[in-house]
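**Student:** I have a structure here, written as structure tokens, and I will follow up with some questions on it.
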């Protein structure tokens, strides 16, 4: 079972394709981002749950569709939750069970239901706080189409009874957002909480993220929120990599005043994996009114507003002095716009909320240490981070709803000291744009001769992933020596035949091919640990470790078991060149079922590599050494041979020792008798 929150984006092998516009999709997408196999969702990137939103486009996961219902007739204000796409190929889903019943209090992130997709059974979390007023699809239920209305959430407990006889037909067409007129949107804004952004030009209202998250696409009009700006769209930095939390704006593809057409480059963005082109995918042209983040700005959080677009060229001048955060609608500004009676009605809940939040913080600060055996309430991401760091959740104070432990609490926890509640930024506080800090200066000679090197996004992710692997994966290692004489002979013959095509096969090409065929022979090595089961793959996608200036990256030779040596060589050369230039596409390095790491070109005889989760094996390849080996056919009884040492690192949860030994046996036979690769 895998944890899926509202803010997950993964990458598949196929690049994103343009699709007709849909009212539930954002206007902007990352043109090179699609969706990854579900097998890598939880174990491969545990930090994915902290990303701020989904990306849209072909093959992308869609968040739960949240439609705000206005108080009309006998129905009070409510939120309609539709079935989202929890898998890139999902068309229908099944409700296995509801984990909440009608009338229950809901906190954002609570487990709401178990939904079975075409890939797996996934946890469906509560999209927002409130009360579960009505369940419209009873469990178990199969073959529910995407977008069908599942349940109703209300903000006030007293409103639950109004939905006792509510039916799905009463909601109109499920899953479709109706375009609102400006008057309707103004009415809607007055009815919604202040932290829910309402757009004057979007096709619907999308629920905001948690207090620690910024929305992927914030589109609202200052004319409807107390400002004097014409209709515009605020463009937030998207998550161009499944594990990215912050990115660097390397260069802007357009300058202020430029016209944007479909397919134009908005910016080159450096993620934790590579530099990726962020393209404009809206069929309707727009103009760049304001760029809020200068080129070269590092550590820009996902979801931060980085630009403002307008549809009319004459509106550009209005944003000359526009600043980040000036769009935030303050309570005072809202009070000026609202009628006096409505101000009084909204002021009272605000004061009560302030008092309750203050009381809650006071209770948390004076709360006694949890007793052993008490139930600990924590978000899935917080549990994952705590497990990777070896922290006991019972020692951490939560600052989430009802004392729930969130990821920020775990990250700020200091072992050995009293746990202090984390200071939370409320949703109505404007986000303060982070200014790029200066790099740490080298220490003075008197203080020691050293230099502090800032961590790049890529280096931080490498550190997290390898630490997770060594702490959670039970490694063991098997080594064997392989005589390469026959491979070297065959390689020389083939290279002479391919000289006109300017193809030069390497020993590593033979290693990749032999690894893929050995995985087909011993499929346990081509598997992934998925907590509750082991996933065995039918195709062998070999990740090849490539060293770059930014750090290690593993582009993938897909279907290596069915490719010839020439095709494998072409893939490796192309991918290695793109990796060193930082131009790899996400679908070229996300995934893989088996990894090969070769340090032989550096003169390394042998080494042991760290497994790349959720894969089960990685092969460490050393360089060829001239050695004397026994040879019964020789008069002397020995001969000089080129011998290569390899070490297979295995996950003992998936691959037992004898199975790993069988894999190495087949791998050795394939390289010492390379003609058998044709069989």
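Keep in mind that glycine also has a Cβ here, set from the backbone N, Cα and C atoms.
Just so you know, TrEMBL annotations never went through curation; they're auto-generated.
Keep in mind that what you see is a predicted model, and the values were worked out from it rather than measured.
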**Student:** Of the ranges 282-328, 329-375, 470-516, which one does TrEMBL list as region 'Disordered'?
**Tutor:** 329-375
**Student:** Given the ranges 380-414, 415-449, 520-554, 555-589, which one is assigned the annotation region 'Disordered' in TrEMBL?
**Tutor:** 415-449
**Student:** Tell me, roughly as an integer, the mean pLDDT over the domain 'Peripheral subunit-binding (PSBD)' (377-414).
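**Tutor:** Computed over the domain 'Peripheral subunit-binding (PSBD)' (377-414), the mean pLDDT is 82 on the 0 to 100 scale.
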**Student:** Please work out the helix, strand and coil residue numbers for the domain 'Peripheral subunit-binding (PSBD)' (377-414) from the DSSP assignment.
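**Tutor:** Tallying H, G and I as helix, E and B as strand, the rest coil: 22 helix, 2 strand, 14 coil.
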